[in-house]
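Copied over from Swiss-Prot, here are the features:
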type	residues	note
ACT_SITE	GLU175	active site, proton donor/acceptor
ACT_SITE	HIS208	active site, proton donor/acceptor
MOD_RES	ALA2	N-acetylalanine
SITE	HIS240	site 'Transition state stabilizer'
SITE	ASN244	site 'Transition state stabilizer'
TRANSMEM	25-45	transmembrane segment
TRANSMEM	75-95	transmembrane segment
TRANSMEM	112-132	transmembrane segment
TRANSMEM	186-206	transmembrane segment
TRANSMEM	233-253	transmembrane segment
TRANSMEM	262-282	transmembrane segment
Amino acid sequence: MAALGGDGFRLLSVSRPERQPESAALGGPGPGLCCWVSVFSCLSLACSYVGSLYVWKSELPRDHPAVIKRRFTSVLVVSSLSPLCVLLWRELTGIQPGTSLLTLMGFRLEGIFPAALLPLLLTMILFLGPLMQLSMDCPCDLADGLKVVLAPRSWARCLTDMRWLRNQVIAPLTEELVFRACMLPMLAPCTGLGPAVFTCPLFFGVAHFHHIFEQLRFRQSSVGSIFLSAGHLIGPVLCHSFCNYMGFPAVCAALEHPQRRPLLAGYALGVGLFLLLLQPLTDPKLYGSLPLCVLLERAGDSEAPLCS
């Protein structure tokens, strides 16, 4: 999200420094070949993720519990092996990240609490209108609703619901691991931070094109810039899960709602507060040092706005 506000606007126009990249200085492949390796690696990950969903031949619909369980197995295997693609990319390009692989992919403790809470809070602010709409249409009051949400029985029921596990846990975790944590470190040295944010959704789109043949459904936009700003995987996963739960805002229903005036005011207020809080809540200083900045410095790009 930092790509949309403050210094993040400059991400889109990051100029490539003239300093020679470390990979070239060490006799590794040139920038052009490095980019081809990065793109091919990302495309391979996307195809592997999608291909794993169709290893199991079945005539059952995608929401059938048996199909969901099989796909759980497939995507968990691919996601577990995806860091090996980053290791192979590192060997082929000669770029040394300067941090451990897990740290580069967003598995780190420094700044983990703000990285988990602030991006989710910002996303919930953006969805202020839909949250108000959900509250207005709920037959129970706030106190009863909180009791249901906090009840252990409700969570136990969710954990046995295969569709809930897919939409709220497995899909956000595996997709963000593959399409954010693995792809962004490979793309950033080639394209720069800003273009990498908008390149990842292309591979994400390849991975979800198959849904056209199964079911037309809304997919939330990329949260890759959260990963860039915070350097943590947990923020994108939580935001992804929240967006899956909320779905696409029912704007048409809001226009016809009996309380449409306060509801539309909530929509407008949510967007306004989101734009107002975007830059301060995605300031990288809140989340500690960014592993991607170390990677870019090693690759010859230490002048990226987020790293300056």
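In case you wondered, yes, glycine gets a Cβ from its N, Cα and C as well.
All protein chains shown were included, and the count of other CB atoms within 10 Å of the CB of GLU175 (active site, proton donor/acceptor) stands at 21.
Using a 10 Å Cβ-Cβ cutoff, ASN244 (site 'Transition state stabilizer') registers 20 neighbours.
On a Cα basis, GLU175 (active site, proton donor/acceptor) lies 12 Å away from ASN244 (site 'Transition state stabilizer'). For the pair GLU175 (active site, proton donor/acceptor) and HIS240 (site 'Transition state stabilizer'), the C-alpha distance works out to 9 angstrom. In the structure as shown, the Cβ atom of HIS240 (site 'Transition state stabilizer') sits within 10 Å of 25 other Cβ atoms.
According to DSSP, GLU175 (active site, proton donor/acceptor) is assigned to a helical segment.
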